[in-house]
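As structure tokens, the structure follows; a few thoughts come after it.
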Amino acid sequence: ASYKVKLITPEGAVEFDCPDDVYILDQAEEMGHDLPYSCRAGSCSSCAGKVTAGNVDQSDGNFLDDDQMADGFVLTCVAYPQSDVTIETHKEEELTA
């Protein structure tokens, strides 16, 4: 399956289709969008975003705790879309505040 991913970035919103077996960060880059990242392994907060609609599977990550995930935070480098999803990017400062 493939889902519509909408990213709300500081530069504005971008939308693209993302297969459910491709990480959102990888697909965004494939489509020419620059997003912050560091480890690419779900072990830091550089790529953190916030899901405002839809669902993701980020079970490959280990940095976020249950409360942070419940608040909507997502690591885009290990997030697969599970539905059409909207994510606010560049949320590392908010996450670590």
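Any Cβ shown, glycine's included, is placed from N, Cα and C.
Annotation comment: Swiss-Prot describes 3-93 as domain '2Fe-2S ferredoxin-type'.
Cβ-based neighbour count (10 Å, all protein chains) for CYS77 ([2Fe-2S] cluster binding site) stands at 26. The DSSP secondary structure for CYS77 ([2Fe-2S] cluster binding site) is helix. Positions annotated as [2Fe-2S] cluster binding site by Swiss-Prot: CYS39, CYS44, CYS47, CYS77.
Helix, strand and coil residue tallies for the domain '2Fe-2S ferredoxin-type' (3-93), in that order: 17 helix, 32 strand, 42 coil [DSSP]. For CYS47 ([2Fe-2S] cluster binding site), applying a Cβ distance below 8 Å and a minimum sequence separation of six or more within one chain yields LEU25, LEU35, PRO36, TYR37, SER38, ARG40, LEU75, THR76, CYS77, GLU92. Sequence-distant neighbours of CYS44 ([2Fe-2S] cluster binding site): residues of the same chain at least 6 apart with a C-beta under 8 Å from its C-beta are SER38, PHE63. Across the residues of the domain '2Fe-2S ferredoxin-type' (3-93), the predicted structure has a mean pLDDT of 98.
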